[in-house]
């Protein structure tokens, strides 16, 4: 691959020569040594369609060779094109030799003969790291007359202040530690080791009008997870909605229940839409922390993004959100609702308590127009909600969510007395990313809605209105660029 790429660059150089290089100057690359390990290289976005980084550690490049690092980046993040090596452990005095390449307006441009020396370390967020324990000079090179011994590369671990965050399976974690990172840069869904796909008919408490499947609904594309809603008939055959569908062989729900097998009967047709959902339920669960997700929400009538924290064990009950749910980002796909962003906990299935604790931010534009950074900070004494770095709400339990639930006649609020002041949000939760359609709780009945929430023909009436809602699904994907979890 890299031989082909270098030949391509050579051709560009021959064809356009120095005059083209004078027409555009590639922005200088910013290199950062991440503490305790890692390298980040970035340039500001200037309308590029590709950014490539090629470099060597402590060894000069031989012309336009591929180097130890050779990576093509096809998508910017947060206004910058970024290459990241999370495993390399750099030392003060280390030198990186490199060249970069960009494609702008269909033409290629290089920045050659780059050199950079490690003089300091930074944290993940770019702030200076505490280097009081670092060596102040580069390791002394071995002279030819000295025994050929390896140069020490170990640096003392930084001081650790134990965090309130807890990770299932670990004794303790340090404050500010990056605990979980998914950049979705794998080639295949099977390579997502920390996630498992749902295959089932979702049921209570919201009874959405979709079935979770894998084929055609979950894809990795240009470093993002893409979840796509599709009509069930497109996967099977016309008339499938009045037939039976058995998912038992791959079902992630409870076998021998309607979560895994459905038989249509009269107005009770099969869910007409198939979508995707993945979770870390059996891979990564935690209690308290900062969750950051960069995503582009779906646009289209009756579509609902699922960027959530869900309870691992349903300690306080498995119905009606008795054990809670936390929404990192939630905006309905209908154009009339799309400027309203909501985030926070859901502790009951019905209104008014269902939405009482959710925070709202009205956007200048629809939230589904572009990618945004959504953050939920889950603490021992409350929850903070942020979007693009701006806080738009805080949720405090006060004397406990039980008191508020009892005030609103929530029948299961008494269960929370078994926990702390944050109950039911004081247990282990997992990450979930999915796409839902319709359902019986998220959309209030109105003249424009084709179904009534309490009607036994809700799914059928929704399906019969497809000529109105399906044409609005021209940008219906939920796209997730990354998911990160940090210790408090």
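Glycine residues also receive a Cβ, built from the backbone N, Cα and C atoms like all the rest.
The region 'Binds to laminarihexaose and laminarin' annotation in Swiss-Prot covers 24-127.
The domain 'CBM39' annotation in Swiss-Prot covers 24-123.
Marked as region 'Disordered' by Swiss-Prot: 125-158.
According to Swiss-Prot, the feature compositional bias 'Pro residues' maps to 141-150.
Swiss-Prot lists 373 (among others) with the feature N-linked glycosylation site, giving sequence analysis as the kind of evidence. Using a 10 Å Cβ-Cβ cutoff, residue 373 (N-linked glycosylation site) registers 18 neighbours.
Positions annotated as N-linked glycosylation site by Swiss-Prot: 453 (among others). For residue 453 (N-linked glycosylation site), the same-chain residues that are 6 or more apart in sequence and have a Cβ closer than 8 Å to its Cβ are 440, 441, 443, 444, 445.
Mean pLDDT of the predicted structure over the region 'Binds to laminarihexaose and laminarin' (24-127): 90.
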